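*Asks:* Okay, these came from Swiss-Prot:
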- Lys267, Asp272, Asp290, Glu351: Mn(2+) 2 binding site (BINDING)
- Asp272, Asp349, Glu351: Mn(2+) 1 binding site (BINDING)
- Lys279: active site (ACT_SITE)
- Arg353: active site (ACT_SITE)
Amino acid sequence: MELVVKSVAAASVKTATLVIPVGENRKLGAVAKAVDQASEGAISAVLKRGDLAGKPGQTLLLQNLAGLKAERVLLVGSGKEEALGDRAWRKLVASVAGVLKGLNGADAVLALDDIAVSNRDAHYGKYRLLAETLLDGEYVFDRFKSQKAEPRALKKVTLLADKAGQAEVERAVKHASAIATGMAFTRDLGNLPPNLCHPSFLAEQAKDLGKAHKGLKVEVLDEKKIKDLGMGAFYAVGQGSDQPPRLIVLNYQGGKKADKPFVLVGKGITFDTGGISLKPGAGMDEMKYDMCGAASVFGTLRAVLELQLPINLVCLLACAENMPSGGATRPGDIVTTMSGQTVEILNTDAEGRLVLCDTLTYAERFKPQAVIDIATLTGACIVALGSHTSGLMGNNDDLVGQLLDAGKRADDRAWQLPLFDEYQEQLDSPFADMGNIGGPKAGTITAGCFLSRFAKAYNWAHMDIAGTAWVSGGKDKGATGRPVPLLTQYLLDRAGA
């Protein structure tokens, strides 16, 4: 779908479908009044009959109104006079998109300037959410279906903006388009079956991306290099699988050579059986999504590349497959990490932190401004926060605050959890420097505490996306593309874009 921005009068546009808002109690804003006047009171007449109550997201399609060049006019309810929240705004836009998809029109014009959104400016903030909602709603994953989705008639959507705000709306569309590209790439990787999407496949994806972008350097560390670097924890996770582990390094130089990079670290467990600590069979198919941390880093990089942000960014994807076999890691094994610290592996299903801890140590060599790791790390995070918000922890209040703010602005929220010293005690082991689990209490926090022991050399934050990375079961099952909006917003803010 192509999104364009224009500054013209709604009543004069020629289009298959013109979309205008109508408030409750037959309230017409400036746009609706102008269209009503041009159509000789057709809008008012419909409202007087009570055909549309004007509640947020309600729609009514009108055909061939006199005095207009638009073939159809779609009225959408905008509610009472107060501003809509982010959720209501997104639902309204999705409602409009749903109607437009069912029509045979190749284009549509949205004249929604009269709708206010809480805590969003009238141009960039409001239209960024609108554009992301439209573009993300276009996503279809039918690669393995013998019968593909029908091509959609709607090819172009024009957003009408006032002249003063047109440039900001265009900037919003540009950013939203890049984020949507990144989210779609993330969702594609997450939705792929694990027999195809394994560590070596992700390495090939990285190489292909490097070939397509001159400013991107790609290095793939194989299992021998991982072992030679002393990454005993990382190596242990993949040793039970026929698919060897890979540490994928993508280095984007968009800033000055002297600028310290931001580092994103993604957990890339392409399939997680739990290893010897085997997971229950029910729902195990969804463990292909255990690489969504790495996928979201990939997607964020895609957005950064599209926008050519003036920053330096290093992406580290810690990829392995966690399988049981005669050569797999056992509960009770002790491994030495790249940092020199030893870990007693009490549960092989707590494997994500093992690939991440060595990767966090590896990140030190880049002398980063900040390091953010993203992982579908703990089921405990789903229990604590559900699927609406990602868990967030860190060792630097400014960094955590910047990420929380980015989440609010991108409508991709996170919630901070503590890393108090008392939780560290739960990781004590009688045989090694630490165990890889901290008991049944505060599982998300103790996982963060574990990682914090390997991130003392820099400002660091950890995002647990176990509840937000994919939707379980039902017709909407699949990867969500989160937290690409949050991460991209954070980098946009750092770049001043």
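From the backbone N, Cα and C atoms, a Cβ is placed for every residue, glycine too.
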*Asks:* Cα within 10 Å of Lys279 (active site) is the criterion; apply it to the recorded positions Lys267, Asp272, Arg353 and give the hits in sequence order.
*Replies:* Asp272
*Asks:* Given the recorded Mn(2+) 2 site (Lys267, Asp272, Asp290, Glu351), which additional residues of the same chain have their Cβ within 8 Å of the Cβ centre, ordered by sequence?
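*Replies:* Not counting the recorded site residues, we get Val237, Gly268, Ile269, Met287, Met291, Ala320, Asn322, Gly352, Val355, Ala375, Thr376.
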*Asks:* If we check Cα distances from Arg353 (active site), which of the binding-site residues Lys267, Asp272, Asp290 wins as closest?
*Replies:* Lys267
*Asks:* Could you check what DSSP calls Asp290 (Mn(2+) 2 binding site) once collapsed to helix, strand or coil?
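*Replies:* DSSP call for Asp290 (Mn(2+) 2 binding site): helix.
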*Asks:* For a quick check of packing: other C-beta atoms within 10 Å of the C-beta of Glu351 (Mn(2+) 2 binding site), how many?
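*Replies:* Other Cβ atoms within 10 Å of Glu351 (Mn(2+) 2 binding site): 29.
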*Asks:* Report the same-chain neighbours of Asp272 (Mn(2+) 2 binding site): residues 6+ apart in sequence with Cβ closer than 8 Å to its Cβ, ordered by sequence.
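*Replies:* Result: Lys279, Met287, Asp290, Glu321, Asn322, Asp349, Glu351, Gly352.
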*Asks:* Starting from the Cβ centroid of Asp272, Asp349, Glu351, the recorded Mn(2+) 1 site, name every other residue in that chain with its Cβ within 8 Å, sequence order please.
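*Replies:* The surrounding set, listed in chain order, is Val237, Ile269, Thr273, Gly274, Gly275, Ser277, Lys279, Met287, Asp290, Asn322, Thr348, Ala350, Gly352.
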*Asks:* Would you find the one among the binding-site residues Asp290, Asp349 whose Cβ has the most company, meaning other Cβ atoms within 10 Å?
*Replies:* Asp290
*Asks:* Which has the fewest other CB atoms in a 10 Å radius around its CB: Lys267, Lys279, Arg353, the listed recorded positions?
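*Replies:* Among the recorded positions Lys267, Lys279, Arg353, the lowest count of other Cβ atoms within 10 Å belongs to Lys279.
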